[in-house]
Amino acid sequence: MAMFWCTEALPLAVTAMLPVCLFPTLGILPSKTVCPQYFLETNFLFLSGLVMASSIEEWGLHRRIALKVLTIVGVKPAWLILGMMLTSSFLSMWLSNTATTAMMLPIANAILESLFGDLETLKKKSQSTVKLQSLPSIPSEKLMLSIDGADETEQSDMRTAEEIQTESAYQLKVWKGFLICIPYAASIGGTATLTGTAPNLILIGQLKSYFPDCDLINFGSWFAFAFPLMLLFLFLGWIWIAFLHGGLNTRAKAEARAKALIDEDYRNLGPINFAEGAIAFFFVLFAVLLFTRDPKFVTGWSVFFKKGYVSDAVTGVIIVSALFFFPSQKPSLSWWFDPHASNTPYVPLLSWKKAQDSVPWNIILLLGGGFAMAKACEESGLASWIGGHLQPLAEVPPAAAVMLITAFLALFTEFASNTATIIIFLPVIAELAIRVSVNPLYFMIPATVGCSYAFMLPVSTPPNSIAFATGHLMVKDMVKTGFVMNILGILSVSLAMNTWGVAMFDLNVYPEWAHSINTSKPLGASDVTFQ
């Protein structure tokens, strides 16, 4: 399955269904054990996140949020890159990384065109030195400059060919920085919430399977750990991308034009309507209820219900169910008093058809395939056997092992889907932690986060592919920027794990819930020496 996922010889979702065919026929697991793995409560949490995202997209709330952030941060290239990254990462916490990137790139292109003019013209100017003197007379350039007034046109005519070429090359660099920062920020943002990206959910599912007594990680506690990590990495990534792809010196007039464009786009959205307000309300309610259910550092609202009965999945499904009947237009009550009065047509915030079309069902199957594979690795003793062969890693200090694990998975996920990567390696990493008597979360959390740090190749993640498909980026641009991003990510994860991660999840102690797994599993010949 790992080979099929890496080579995509079969569609990912079809490979994910192979356990249903193979595990029962090969005598690994009975089908009644395999099939339920495909729709665990974790999948319901994921599904509710996807449905919420499709309603936000249906009413354009994400575009309003994006433009509002850009009006706040200003239009200097470095600040705009920061604005783009903050917006992309915030949206990606709730929408899919792919949808976020697909929405943000056109906004970025529109802003860049208002700052620097037409991209093709820029490319010609940065490459050619012969005809540079005549370039200002190209209609698109003339049109661009005429807005700035005659004085700037004269000034640009006086610039030497070399100056024009240098400025065009600089502007082209900024353009690349814009295109590259959006998929990167979307990948980083997805790590901050449990529903933001599939590997986070696989961690939860496999924890429940391997360590039934471990209840440390839920939506609230994960957010408290991963959100500060996301902000730290986003800040470091912004400094690197802004340094590599452009500074702060653009023409004030061009900046004024870009600001005008953003303001105009925001004005064109008009005042917030009833549907957007309703979606915003449910969105905030969705987030708040998930955070406060059982945040671990304070008592959550789940104490009002029978212990262990209400999970994040229940919360998510309750909220998104309301979207299918809540009206998208303000209901009129006049017909209560006058039966002949016209009533507003009833259209719910979300139709089932729209939800069905926009939910990537293949990812839900992929999650299920991952849970089925993890179950089989555990039941058959494969994870235990592999863990035995990783015994030499016991000599490595745990803090160094965290960096090695994160680096290895960040590299592996460049060539395989992040979901497939975490499915393949998480059972092994859990087993390794038990072998070396380290808190399993100390290895499993960095592995999960590292899987989302695929920055170096266009094929690494769909967001990278979308940005690359614009035709303005080269592979070497991504490799050069992404290599340093990976190093920054590994360092950020190590810092987080060894500071607030240790404090939050008590990672210095080998926990009771991991002890129970040692005694409950059938011991093989190599399983005798645990503690």
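Indices start at 1 and increase along the chain as displayed.
Quick reminder: no glycine exception, Cβ is built from N, Cα and C everywhere.
Your range for transmembrane segment, going by TrEMBL and the list 67-89, 481-503, is 481-503. With a threshold of 8 Å between CB atoms, the same-chain residues lying at least 6 positions outside the transmembrane segment (441-461) that come near it are 97, 183-184, 187-188, 190-191, 197, 199-200, 202-203, 206-207, 214, 216-217, 225-226, 229, 398, 401-402, 405-410, 413-415, 417-418, 421-422, 425-426, 429-430, 432-433, 467-468, 473, 475, 478-479, 481-483, 485-486, 489-490, 493-494, 497, 501, 505, 507. For the transmembrane segment (178-202), the list of distant contacts is 42-43, 45-46, 48-49, 77, 80-81, 84-94, 97-98, 100-101, 104-105, 108, 111-112, 218-219, 222-223, 226-227, 229-230, 233-234, 237-238, 241, 245, 312, 316, 363, 366-367, 370-371, 374, 418-419, 421-423, 426, 448-449, 451-455, 461, 463-464, 466-467, 470, 472-473, 477-478, 481-482, 485, 489: same-chain residues at least six beyond its ends, Cβ to Cβ under 8 Å.
The stretches the transmembrane segment (481-503) and the transmembrane segment (222-248) are in mutual contact, each linked to the other by at least three Cβ pairs under 8 Å (pairs 6 or more apart in sequence).
Remote same-chain residues near the transmembrane segment (309-326) are listed as 41-42, 44-45, 47-49, 51-52, 55, 194-195, 218-219, 278-279, 282, 285-286, 289-290, 293, 302, 348-352, 355 (criterion: CB distance under 8 Å, separation of at least six residues from the stretch ends).
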